[in-house]
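S.K.: Take a look at this one; I'll ask things after.
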Amino acid sequence: SSALGLKLQYSLLSDVPSSPTPTPQPLPASPEPTAAARQLDELLADLGQMQSKLAAVGQGAGAPAGPEHSLDHMLGGLTRDLQELGITAAPAAVCAACRKPIAGKVSHGAGAWGSQQPPGSSLIPIPQMLTALGETWHPEHFTCARCGQELGGQPYFERGGRAYCEEDYHQAFSPRCAYCAGPIREKVLTAMDQTWHPEHFFCAHCGKVFGDDGFHERGGKPYCFQDFVVLFAPKCQGCERPLTDNYLSALQGVWHPECFVCADCLSSFTNGSFFELEGRPYCELHFHQRQGSVCRGCGHPITGRCITAAGHKYHPEHFICAYCLSQLHKGTFREHGDKMYCQVCHDKLFL
């Protein structure tokens, strides 16, 4: 308000000596105030009352909108009265918020009362001036742009030429933690294209903060190496443990190299070939054994022509008489004690 913007600079010309001013001396305790002093005291008291009213109006204290103009009118009359006493009223600064003058501390001219105030008078509590953001403010007008609380005497933050209290600044402008969604006020950790409180960037499964091994990402969540392997690494078809290094792809699955062996004899496939039966790998011998395609005569797999007799299979050259070792022909052999004989040997031996 205009009343708050008056810096009073005055001197009573009748009291100023024509020679250099001597060092002021205290006056007696009970002198009678001059008429000019009484007038000035009354004007200063009126000014203090108007300043209080204007401050209440400026702060929205429930006063009607009209009184500001009447108070300004009263101030104009007071200013003219002060000028008649030889007092010059000039603005000290302008508030950046309300664009009204700001009053500094009233300073008394040394030629009037020296270092003492007039007897019976009191100093008027005129608001101090606050400087911030390169401008001057009424202390009650330098407030947070978001919540409106006064910022005088406490830390504040500047953004776009506006002042904010610490809490509102962080709520409005600080990066947000991807875990707790709260503002990050100090150290910020950036990972996975997001920002985090350092203490909130931890394994999504075990909750441990990441060490030197770093982290692995899956589905937008970070995991430590151990949990990532257990949860997401492919499993070996042989031992069902996670695969973390070299592996083989076979039979629509993956295997540790040492786990890809014959399901019966556990021998590795040195020549790189194997046989599949019911989703499991087998060497040639055990595959044919399970298939029942091993020659009864030599014990080796039958891969070509095959003779079936008495529930067994034979290479044609191994289907022979157990006594004379001549090759048998289907329909011309006799069986005795799980052995095959030609007709002549059978009759000779058993008839």
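Note that Cβ sites are derived from N, Cα and C of the backbone, with glycine treated the same way.
TrEMBL labels come from automatic prediction, so no person has curated them.
According to TrEMBL, the protein carries these features:
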type	residues	note
REGION	14-34	region 'Disordered'
COMPBIAS	19-31	compositional bias 'Pro residues'
DOMAIN	93-175	domain 'LIM zinc-binding'
DOMAIN	234-293	domain 'LIM zinc-binding'
DOMAIN	294-351	domain 'LIM zinc-binding'
S.K.: Taking only the residues in the domain 'LIM zinc-binding' (93-175), give me the average pLDDT of this model.
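M.R.: Mean model confidence (pLDDT) across the domain 'LIM zinc-binding' (93-175) is 73.
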S.K.: DSSP helix, strand and coil counts for the domain 'LIM zinc-binding' (234-293)?
M.R.: 11 helix, 16 strand, 33 coil
S.K.: Please list the DSSP helix, strand and coil residue counts for the domain 'LIM zinc-binding' (294-351).
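M.R.: Secondary-structure composition of the domain 'LIM zinc-binding' (294-351): 11 helix, 18 strand, 29 coil.
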